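According to TrEMBL:
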type	residues	note
DOMAIN	266-359	domain 'Transglutaminase-like'
ACT_SITE	C274	active site
ACT_SITE	H333	active site
ACT_SITE	D356	active site
BINDING	N396, D398, E445, E450	Ca(2+) binding site
Amino acid sequence: MAGIRVTKVDWQRSRNGAAHHTQEYPCPELVVRRGQSFSLTLELSRALDCEETLIFTVETGPRASEALHTKAVFQTSELERGEGWTAAREAQMENTLTVSLASPPSAVIGRYLLSIRLSSHRKHSNRRLGEFVLLFNPWCAEDDVFLASEEERQEYVLNDSGIIFRGVEKHIRAQGWNYGQFQEDILDICLSILDRSPGHQNNPATDVSCRHNPIYVTRVISAMVNSNNDRGVVQGQWQGKYGGGTSPLHWRGSVAILQKWLKGRYKPVKYGQCWVFAGVMCTVLRCLGIATRVVSNFNSAHDTDQNLSVDKYVDSFGRTLEDLTEDSMWNFHVWNESWFARQDLGPSYNGWQVLDATPQEESEGVFRCGPASVTAIREGDVHLAHDGPFVFAEVNADYITWLWHEDESRERVYSNTKKIGRCISTKAVGSDSRVDITDLYKYPEGSRKERQVYSKAVNRLFGVEASGRRTWIRRAGGHCLWRDDLLEPATKPSIAGKFKVLEPPMLGHDLRLALCLANLTSRAQRVRVNLSGATILYTRKPVAEILHESHAVRLGPQEEKRIPITISYSKYKEDLTEDKKILLAAMCLVTKGEKLLVEKDITLEDFITIKVLGPAMVGVAVTVEVTVVNPLIERVKDCALMAEGSGLLQEQLSIDVPTLEPQERASVQFDITPSKSGPRQLQVDLVSPHFPDIKGFVIVHVATAK
């Protein structure tokens, strides 16, 4: 019998890409999803005899083996698909044979080598056909990452841009983010992240064999997106100083970060904060085929000692005493959710899983968090893997304020203890609107069910019933608290207070507010009001004091009074961080010894509008007009617009802005030439050395060229 050779391989990229939803990947290799067949056409040196079969070998990772499920040997068959890898003849015309290959829905993901030999040529070595990449498959019902809704698959797997919500609870701001999972080199970089992990470096064969499991893969990515225990992707920085790197607020997406990591030979990229870690992890997991979204939690607890309490120590002006305060409440914190089954916990906990790459606390000796089932968090099942107590505290901890006296005694101060875990937000499917998903994480605040879940979590964590006997909880700082102290509120004072913003707080302008006090009793009262204000980071860490004053107020029976407050621009301009945030506090000391702390977080507003002047079509230039306002009452120069957008611009674009007179409004135009159709996100920032970046974005609907 004459020998046979494969003279040409057609990977049918167009057909397979459309069937597997992978046509957007620009890689030279074929990219397919597991649990689904793909076709390739082989040109042979002669036609196959009817009794001859082709034997295929697929292998991934070093020292691939069938025992580790990183190698499979299988042959063409007319039978129905089995449980492992299968091959079937689709069509044969003379010397041309089309075969259909399929992987099991639990196959290891990654880059595979495909080789072939003829069944009658046992002594001949395999002929290498080439490489292909296998990804998770949310379209496959048997895959652990299966997601039933096509609209959600389009959003959480295929959408290459999104929105991250930042700001404060009362003033939530949308920021565009370019995930760019289909950009050049990104898939290769995402696979490199897995290969650079300590688990792979220590035992590569075993590590690769675990990559069938989304629980394992997401936990590795959670650790590798930050650089704390390894040469991961992003280095965090929360001190407001970004020398030698890029400010977290200057990033507009993940692509530049991932490409810089690769070009820098895997040196961590400086710098990131929570939304940067979440944006990068969303890119990586969507790229690998796991449905993933970015979630923002407003008033997010960082409970370092896991006692379900954020204990804040303040002085008589309501200023945070940082040397005593170990816990913190961030204005917002951003993490990810990914959708997959929890084979380790049972079907009740399938669905959205919390993953957090921000390096806050160690999990099993490594800075990572999750996956933690959102259902488990809502039901108080904090004992389940992974990191349930930390995530539960982020959305459920009590916020407790202590007044620290000079004699080192402390006193509980009345404040809103139920302010943590508000407005948990994510981008809507198919639109730019914000969806509040707080009810996925917890039952309505104050409801009977919410209290039952809280008690259950306390019992899981401390082995006591929340309403049962008193139990000592030793804090890391050495203070001992009664468990009941964390559950019983401070005495409600006989006055009420709140800050009211009198004018929109604009960047570059004076701030005008009032503290509104109300006497809740039928008797006159005297109140000492100690006011303080500071510029802060989004973690609420104070940077510089900008207000410090006291007022003596007499309130008649049921009387309400306003204390006007003005903070001039000159007071805050030097110490305002790029977060553009200010924290005001009023410690109200009533004659009978009652104490009330009133706080207000303010984000300064700015202005930018972006318009596309005409219809956008693939391959046709269209003009974009950006209107900006100089927020300052002084002349500024050296401003620029920085524009970025997948499918709209090949690379980041910088456009000079003319000198701006005080509070001048100006328009700048530039052209873009879209390369991809569909809804595309264009981000444009006004960048200046004189004020924090002013960020904007617009969705451009690009039509296919006629």
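Each Cβ is built from the backbone N, Cα and C atoms, and glycine gets one as well.
The record gives N396, D398, E445, E450 for Ca(2+). Within 8 Å of the mean position of their Cβ atoms, the other Cβ atoms in that chain belong to K418, I420, G421, K442, G446, R451, Y454.
The Cβ neighbour count for C274 (active site), using a 10 Å radius and every protein chain shown, is 27.
The CA atom of D356 (active site) is located 9 Å away from the CA atom of C274 (active site). A simple way to gauge crowding: the CB of N396 (Ca(2+) binding site) has 24 other CB atoms within 10 angstroms, across all the protein chains here. Each residue in the domain 'Transglutaminase-like' (266-359) gets a DSSP state, and the totals come to 18 helix, 40 strand, 36 coil.
A gap of 17 Å separates the Cα atoms of D398 (Ca(2+) binding site) and H333 (active site). Annotation: H333 are the recorded positions among H333, N396, E445, E450 whose CA atoms are within 10 angstroms of the CA of C274 (active site).
In this structure the alpha carbons, written CA, of E445 (Ca(2+) binding site) and H333 (active site) are 20 Å apart. For H333 (active site), the same-chain residues 6+ apart in sequence whose C-beta sits under 8 angstroms from its C-beta are C274, S296, N297, S300, H302, T358, E394. Under 8 Å, Cβ to Cβ, and six or more positions away along its own chain, E450 (Ca(2+) binding site) finds K442, Y443, P444.
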